[in-house]
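In TrEMBL this protein carries:
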type     : residues      : note
SIGNAL   : 1-20          : signal peptide
DOMAIN   : 33-128        : domain 'Ig-like'
DOMAIN   : 140-235       : domain 'Link'
DISULFID : Cys186-Cys207 : disulfide bond
DOMAIN   : 240-332       : domain 'Link'
DISULFID : Cys285-Cys306 : disulfide bond
Amino acid sequence: MIALFSLALVVFASSLHVEAQDESRIKVYANRGDNITLPCGLERLSSMFGNRIKWTKIEDDSTETDVLVSMGFYKKTYGNFQDRVYLLEADDSDATLVITDLDLKDYGTYKCEIINGMQDKVVEVDLELQGENSLSFTGVVFPYSPRLGRYNLNFQDAEAACLEQDSVVASFEQLYGEWKTGMDWCNAGWLNDGTVQYPITKPREPCGGARTSAGLRTYGRQNKSNSRYDVFCFTASLKGRFYYLIQPKKLNFDEAVDACKRDGAEIAKVGHIYAAWKLLGYDRCDAGWLADGSVRYPISRPRKNCSPTEAAVRFVGFPDKKQKLYGVYCYKPQP
C-alpha cells in the first residue's frame with residue numbers, strides 16, 4: 001500500500017498531492033501555474049551550515065540539469081529556474097525545494113543530494129501534472145500522432161510533440177483513469193515511464209485478440225531512442241478562451257493563423273481543443289484548422305452528421321495547407 005509522505009510541509013498549492021513510493025523516491029502532483037514544494041531533508045536535525053545541497057533535473061537521456069546548489073550561505077540557481085526556485089529551509093534539516101509558477105517543461109524527475117559528512121542522503125522526486133492519482137481527475141488524455149503518420153515518434157519526439165500541443169506525456173495512472181471512463185484506442189503510444197501501451201474497452205481481433213479481456217495492452221518498456229510509436233498526451237486545464245472564429249469564407253492554413261492573430265489570439269493547439277471538449281463540454285460541428293496543421297472538431301452532443309455514435313474530438317486529417325476548405329479554432333491566453 002502506498003503511504004502518504006509524513007514530512008511536515010508548507011503547502012503553497014491547494015491541489016498539491018504527495019506520495020512516498022519508498023524512502024528514496026517521492027511522487028508529487030500539482031497543477032500548471034502552482035507554487036509547489038519538492039520535499040527533501042535529513043531524518044534528524046543537523047546543522048546545514050557548510051553542508052552541500054544540490055538539486056538537479058534528470059533528463060530522458062539520464063543526463064542531469066542543474067537546478068540549485070547551496071553551500072552554507074552560498075546559493076546559486078541555474079537556467080530556466082533562476083528567480084523561480086529557492087530552498088524552504090523550514091529547519092536545520094530541511095532541503096525542500098520550492099518551485100514557483102509551474103510550467104509544462106518543469107514536470108519530470110528531480111534529484112536532491114545532501115552531503116553532510118556523517119549523514120548523506122539522495123532522494124528522487126517525480127513531479128507530475130495533476131491527474132487520476134490526485135485528489136480529483138481534472139484533465140484529459142488524448143492520443144497523438146504527427147503529420148508523418150502513426151508510429152513515427154521516439155520517446156524524445158513524443159515528449160516534444162505533447163509540449164507543442166500544450167500538454168505532457170501521460171502517466172499510466174492517467175491513461176488507466178481514461179480507460180475506466182471508456183477510452184478505446186488501438187494504436188500503441190508512449191507513456192511517461194517509458195512503457196508503450198494502449199487502452200481497449202471493446203476487445204477485437206486487430207487489437208490484441210477478440211477473446212482477450214478489456215484493459216490496457218502493454219508492450220512494456222521500449223528503447224527510447226530507436227523505438228517508434230504514437231504518444232498519449234495529458235492536459236489538465238485551460239488557462240484561456242478557446243473558440244471557433246466566425247469568418248465569411250473558408251480559409252487555408254496561413255489564412256487561419258492570420259485570422260486568429262487579427263482577433264488578438266493564436267491558432268489553437270490540439271491540447272486546447274481536447275481540454276475545451278472534455279472539461280467545458282465545448283460542442284461545434286465545424287471542422288477547423290489547429291496549430292499542428294490538423295483539422296478537427298469537438299462534439300459533446302452526438303447527433304446526425306456530427307459524430308452520431310459518441311462524444312469525441314473528431315479528426316479530419318492533415319490536409320494540404322493550401323486548401324481553403326475549413327474554418328479555424330483560436331485560443332486567447334489569460335493575461
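Yeah, the Cβs are placed from backbone N, Cα and C, and that goes for glycine too.
Each residue of the domain 'Link' (240-332) gets a DSSP state, and the totals for helix, strand and coil are 21 helix, 30 strand, 42 coil. Within the same chain, residues at least 6 positions away in sequence whose Cβ sits under 8 Å from that of Cys285 (disulfide bond) are Tyr297, Ile299, Arg303, Asn305, Cys306.
Within the group of disulfide-bonded residues (Cys207, Cys306), the Cβ with the highest number of other Cβ atoms inside 10 Å belongs to Cys207. Around Cys186 (disulfide bond), taking its Cβ as the centre, 14 other Cβ atoms fall within 10 Å, counting all chains.
On the 0 to 100 pLDDT scale, the domain 'Link' (140-235) averages 93 in the predicted structure.
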